[in-house]
Amino acid sequence: MPKRKDIETILVIGSGPIVIGQAAEFDYAGTQACLALKEEGYKVILVNSNPATIMTDTEIADKVYIEPLTLEFVARIIRKERPDAILPTLGGQTGLNLAVELANAGVLEECGVEILGTKLEAIKKAEDRELFRSLMKELGEPVPESEIIHSLEEAYEFVKTVGYPVIVRPAFTLGGTGGGICTNEEELIEIVSNGLKMSPVHQCLLEKSIAGYKEIEYEVMRDANDNAIVVCNMENIDPVGIHTGDSIVVAPSQTLSDREYQLLRNASLRIIRALGIEGGCNVQLALDPHSFHYYVIEVNPRVSRSSALASKATGYPIAKLAAKIAVGLTLDEIINPVTGKTYACFEPALDYVVTKIPRFPFDKFESANRRLGTQMKATGEVMAIGRTFEESILKAVRSLEANVYHLELKDADKISDERIEKRIRKAGDERLFYIAEALRRGISIEQIHEWSQIDRFFLTKLENIIRYESVIKENIGNLEVLRKAKMLGFSDSTIAKLWNKNEREIYEIRKQEGITPVYKMVDTCAAEFESETPYYYGTYEDENESIVTKRKSVVVLGSGPIRIGQGIEFDYATVHSVWAIKEAGYEAIIINNNPETVSTDFSISDKLYFEPLTIEDVMHVIDLEKPVGVIVQFGGQTAINLAAELEARGVRILGTSLENLDRAENRDKFEQTLSELGIPQPKGKTAFSVNEAVRIAQEIGYPVLVRPSYVLGGRAMEIVYKEEELLYYMENAVKVNPQHPVLIDRYLIGKEIEVDAISDGETVFIPGIMEHIERAGVHSGDSIAVYPPQTLTPSIKRKIVDYTIKLAKGLHIVGLLNIQFVMYKDEVYVLEVNPRSSRTVPFLSKITGVPMANIATKVILGTKLAELGFKTGLHHESEGVYVKVPVFSFAKLRNVDISLGPEMKSTGEVMGKDVTFEKALYKGLVASGIHIRSYGSVLLTIADKDKEEAIDLARRFYHIGYQLLATSGTAEALKAEHIPVTVVNKINADSPNILDVIRQGKAQVVINTLTKGKQPESDGFRIRRESVENGIPCLTSLDTAKAMLQVIESMTFSTTVMPKFAKFQEVIHS
Amino acid sequence: MKRQLILEDGTFFIGEAFGSTEKMVGEVVFNTGMTGYQEILSDPSYCGQIVTMTYPLIGNYGINRDDFESIEPYIHGLIVKEVCKIPSNWRNEMTLDEYLKTKNIPGLAGIDTRKLTKIIRQHGTLKGAICDLDVSIHEVVESLRSTNLLNDQVKRVSTKRAYPSPGRGHRVVLIDFGMKHGILRELNKRNCDVMVLPYNATAEEVLRLKPDGIMLSNGPGDPKDVPEAVEMIRGVLGKVPLFGICLGHQLFALACGADTEKMKFGHRGSNHPVKHLTTGKVAITSQNHGYTVNEQSLKRTRLQVTHVALNDGTVEGLRHLDYPAFTVQYHPEASPGPEDANHLFDEFIGMIEQFKKEGEMVYA
């Protein structure tokens, strides 16, 4: 069927900020879709609140709106732009929910906007549990016994009939937010109450638990002509019970016979047909491991994380085709972009094994509950491809960048058998590693199967790996064993350990003996057709298919899995760098392992190597490709950390030299540079022992900022106010030794300022300066950043520009640099310099119109900034005000303290832009999910040190008509200033106490400041968690609170009484 | 134990032996199905062929009692990247290795099957031998070059004598050219009273059973090696509704005056898109054929192309313009592979019923 000619303009809705459950996969999907629609000649309007996305680049759509994804703003855009149609199935749950809201509000009808792809009816049928269940019943597809409930009473009724355990799934939430498994009444009360709150329609599904079934997913596509295909099926190694986003997943399924495969395929196709979906759809099924009996668990009538994974696993670009189908094209008339010869209407055949392992944020959130269940907790994922299962999973393990290169636990010898059993029975993020340890201890597969319900097939494969460890160990120097070990996916570093050699030696032996990988193509068709996709993976086989061209090439290292501190911003810069390399006439080669991202779309680079980012795997690509050099500036700390070893192995690092990278990152060298340049920095020193740390802190004075050297996203960084805290930190948070020193700096309580710049060594171009709302001490990634600065004097700005230029030149930066300053008592100090692309590069690029990563790449490749028309200094300021607001995923992470500090906690960001600061911030806050009300109640629990500052804040809240609630201490302070306040009981006091107030929704904002240090004062912690779990904004920085208040003030009118005539006579006569 | 595969072009692959250690010669082909190895190795259409599975892990769910497509396998060898030694599935009864040993079929694991697949794709199917390492490659290549592949596969795999598979519905005579059990299963499912006849049954023998419909099964090899079947089809055409699958389709085309030809490397897998020309709808089908009906040759016949392969445009389905007869190149009985085309069996039953009704009207 030809494409539709009756529509011209299409509005695409993005998925907003990165949160757990909704990550970079939607930038990948949205970008593909926008480009596909443009390719077909449609005018594309895009709306997304997330500036760190490729899709919001103005080249991707005809018109780009970076606005909050709320009914209010999107309706405004629709009324203004009058698109003919809207495509909501590419923006995740956010896009889908918004489309439903727009339809329900009558906006679509009013403006004559058609929903493309999947019709509203189908969305409702798939998303509304009741409608879904009745549809399944109609189709004869089995669903687990379940009940839609709207109250706790209804939950009790259901449990009475089916018994425990039951699964709770709140309706219309992201990544299963608020769900869980209940095995007893206590858990039932907690999870159901929470789930009802989280669901926008106050509805949960209670379901008989079928934990232990095989969890199988089918990615299916259908077009308007009813052609329906399966792109890929996937098997979760973790059986039903763990969210698929948190499960280790393999593609294709490994333990299903053809009959089982077809049984579930038929069910999936029946469902997509019954729903009438035109586009992609994900069907999750549970299969009894002992019969043909199965259940349909869930259907997502849109592209998803799984579809991104399926696209990367097969090469089949689901989102691109979903967009084409949405405008009426049918699968049989679309060419398969991978082969370029065959059609898209077929089912990919894989000739390799794909493994996906989720990346969890528990390295950052030590106190978090690591138990996995139906609520997703992973922030990102890695994917690896191999010709054996063992190779595939071991490559995935070392792609995680968790400092783990093999299936091993740290300090495994100290772990008791009991703990191992417990950790296998109750799955946490490290279960795979505990299983490996169990196997190492000789625990039988049967036993582990009984504990974990993981299929024996996978356990046997893991046992193969563990068994081979001893073979390697017993055959030191045996080349056949080495070869076999590499085929099983063992890393050089693991073999090195077993052979008592170093990693480099193993690598050299292999190179000498020709035990090196070849690269195979991912071609969708298992080599049946000739393909030209430049998408490769490494494996130990005979034939290499990656033909090195005669063109000069440049390798760019990607940033690996998305985690807190290294998010989508780095993929954004990586993609731009790749494009710039191509523009400069080189062949652009990328190495990365994150299946969610745009950078691993094979159509972005000239060659994509889907490989772990370890020295070994990167060197293999370099040995083959012999590039001009490697660019490490865009892949975040991942890539930077490889630079030294790459150079040691003779690889040329393009851009800022290794020596200068080190001068910026090594504390002592950096200090020396700064003093040479005459740039002040907070006093600080490096401690190599606990005693030394104490001495240094005394010397420079508390409070001090402590952190390990070479950190990512402020990991393990803390502000300590006294010696006991310092000692606690030194003993618990870090292991200080001469190889791993700890940095101790004076903590200056001042305004934080951030700058990104591009330098070629001669010219230093500064696209913009950003001012943070929160004072220094809150990680820059968690602060609200404002452009242009609102409070800086011209002389301070000049100073910042001057320091930036000096630093860029002094450090001989070639490429990008990011500097954080603190302004303290009118003096500017340098906090840190990152000689690489930063988190703010996409934000600043979009605001200023300066494609920073692109320009930096060209500079790295040798072009001078002057040739590109840039001069040293600050770019002229753009009109309007832009704010970057961080977005957190706290609701999904139990037991995590939400208070802001030097350690980064946010998962994503949004941008708000408008003509005034207040308007921009309003948009930013709304886009980040904070509900701003012009009236209501504010609950204050303020630490003594902040009380003085809080009084003014409280008074202003009072003036705009907010009711003030406060705990006794804070209330007294307010009363003393004659500010009316209602006292609420402390946590342990009688009901209604402060937690009840929060639970009952009696406060619209909670402001809670930390007493001191990091040790969670348990009351404060509970108040903060209670707020998060009840969806009430909880501000832990008075700066954020002030900014928010400013917004509320700007949207309300203060009401003050008229002055009295009391002194009338005096006035007259004076 | 190390053994090797030697191809007629001199390429050889050394791998790990499994199954039997017999020396076996055959036509080396590849199948892209990711599941269904048990059905594939028991599909008589592979008679005389050495099958390479492109999916690297084979044998994961073992061998079960139910999924055979014939009682005896006729495959000459199986080549995989990795053979699973400890399968896991609730129906598993033995490993692939054990099964191939009992059936005396050699297997070879641990080779770069993707490289082998690409050789076949580029050069077309080749003759090959699975043998020990101590042979002279040169001699094996010479002998492969001078060896003619089998041309009597249908005779080898077809039933030697007729047998019934009773039912209470329409009587269908099923000609066994190397029938997969799936075809019989589909007819039985529809209550057909099936009479299975050997490949060389004559038209008289067929008609004597007073069938309501005739089903031409799949089978191995070149359709031109089975002239007796072509003869038989000519004798029954128009008298009884007819449905043919795979080799049955090719024989039907020959009987109607069309020609068939060998393909470069054929279609073998579970993901082949086939377009129905009338509706424009595409079905994903299971396929296994090395020969195809020449489209040009159809001009001089009363045959109409109903289905084509989406990717290479080859003929996938035919219908007779004058008689109640239709055939498809692919496998609507699936097993292994998708069941998208299963409705064709219903269409066959519909055709039988329509023919009966019309007959009653004619003779009323």
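Placed from the backbone N, Cα and C atoms, the Cβ positions cover glycine too.
The ATP 1 binding site annotation in TrEMBL covers A:ARG129, A:ARG169, A:GLY175, A:GLY176, A:LYS208, A:ILE210, A:GLU215, A:GLY241, A:ILE242, A:HIS243, A:GLN284, A:GLU298. Neighbour density for A:GLU298 (Mn(2+) 1 binding site): within 10 A of its CB lie 19 other CB atoms from the protein chains shown.
The secondary structure of A:GLU298 (Mn(2+) 1 binding site), as reduced to three states from DSSP, is extended strand. Annotation source TrEMBL lists Mn(2+) 1 binding site at A:GLN284, A:GLU298.
Marked as Mg(2+) 1 binding site by TrEMBL: A:GLN284, A:GLU298. For A:GLN284 (ATP 1 binding site), other Cβ atoms within 10 Å of its Cβ number 20.
Per TrEMBL, the feature Mg(2+) 2 binding site maps to A:GLU298, A:ASN300. Neighbour list (A:ASN300 (Mg(2+) 2 binding site), Cβ cut-off 8 Å, at least 6 residues apart, same chain): A:ALA126, A:CYS281, A:ASN282, A:GLN284, A:SER306.
Residues or ranges marked as Mn(2+) 2 binding site by TrEMBL: A:GLU298, A:ASN300.
Note on A:GLY777 (ATP 2 binding site): other Cβ atoms within 10 Å of its Cβ, all shown chains, come to 21. As annotated by TrEMBL, ATP 2 binding site applies to A:ARG707, A:ARG746, A:LEU748, A:GLU752, A:GLY777, A:VAL778, A:HIS779, A:SER780, A:GLN820, A:GLU832.
As annotated by TrEMBL, Mn(2+) 3 binding site applies to A:GLN820, A:GLU832. Sequence-distant neighbours of A:GLN820 (ATP 2 binding site) (same chain, 6+ residues apart, CB-CB distance under 8 A): A:GLU752, A:ILE753, A:GLU754, A:SER780, A:VAL830, A:LEU831, A:GLU832, A:VAL833.
The feature Mg(2+) 3 binding site is assigned by TrEMBL to A:GLN820, A:GLU832. In the structure as shown, the Cβ atom of A:GLU832 (Mn(2+) 3 binding site) sits within 10 Å of 16 other Cβ atoms. Under the DSSP three-state reduction, A:GLU832 (Mn(2+) 3 binding site) is assigned to strand.
Here TrEMBL flags A:GLU832, A:ASN834 as Mn(2+) 4 binding site.
Summarising the annotation, TrEMBL assigns Mg(2+) 4 binding site to A:GLU832, A:ASN834.
When averaged over the domain 'ATP-grasp' (A:133-327), pLDDT in the model lands at 93. The domain 'ATP-grasp' feature in TrEMBL is assigned to A:133-327 (among others).
Taken from TrEMBL, the feature domain 'ATP-grasp' covers A:671-861 (among others).
The annotation domain 'MGS-like' is assigned in TrEMBL to A:930-1070.
The region 'Carboxyphosphate synthetic domain' annotation in TrEMBL covers A:1-401.
The region 'Carbamoyl phosphate synthetic domain' annotation in TrEMBL covers A:547-929.
The region 'Allosteric domain' annotation in TrEMBL covers A:930-1070.
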Proximal but sequence-remote residues of the same chain as A:ARG129 (ATP 1 binding site) (Cβ under 8 Å, at least 6 apart): A:SER146, A:ILE148, A:ARG169, A:ALA171, A:GLN203, A:LEU205
Residue counts (helix, strand, coil, in that order) that DSSP gives for the region 'Allosteric domain' (A:930-1070): 63 helix, 19 strand, 59 coil
Residues A:ARG707, A:ARG746, A:LEU748, A:GLU752, A:GLY777, A:VAL778, A:HIS779, A:SER780, A:GLN820, A:GLU832 [recorded ATP 2 binders]: greatest CA to CA distance in Å: 18
In the chain carrying A:GLU215 (ATP 1 binding site), residues 6 or more apart in sequence that have Cβ under 8 angstroms from it: A:GLU235, A:ASN236, A:ASP238, A:PRO239, A:VAL240, A:THR244, A:SER247, A:GLN284, A:LEU285, A:ALA286, A:ILE297
Top Cα neighbour of A:ILE242 (ATP 1 binding site) in the set of binding-site residues A:ARG707, A:HIS779, A:ASN834: A:HIS779
Rounded to the nearest Å - Cα separation of A:LEU748 (ATP 2 binding site) and A:ASN834 (Mn(2+) 4 binding site): 20
Of the binding-site residues listed as A:LYS208, A:GLU298, A:ARG707, the one whose CA lies nearest the CA of A:ASN834 (Mn(2+) 4 binding site): A:ARG707
Collapsed DSSP category at A:GLN284 (ATP 1 binding site): strand
Lowest local Cβ density among A:LYS208, A:LEU748, which the record lists as binding-site residues, within 10 Å: A:LYS208
A:LYS208 (ATP 1 binding site) and A:GLU298 (Mn(2+) 1 binding site), Cα-Cα, nearest whole angstrom: 14
Among A:ARG707, A:HIS779, the most crowded of the binding-site residues [Cβ within 10 Å]: A:HIS779
A:ILE242 (ATP 1 binding site) CB neighbourhood, other CB atoms within 10 A: 26
A:LYS208 (ATP 1 binding site) and A:ARG707 (ATP 2 binding site), distance between Cα atoms, whole Å: 47
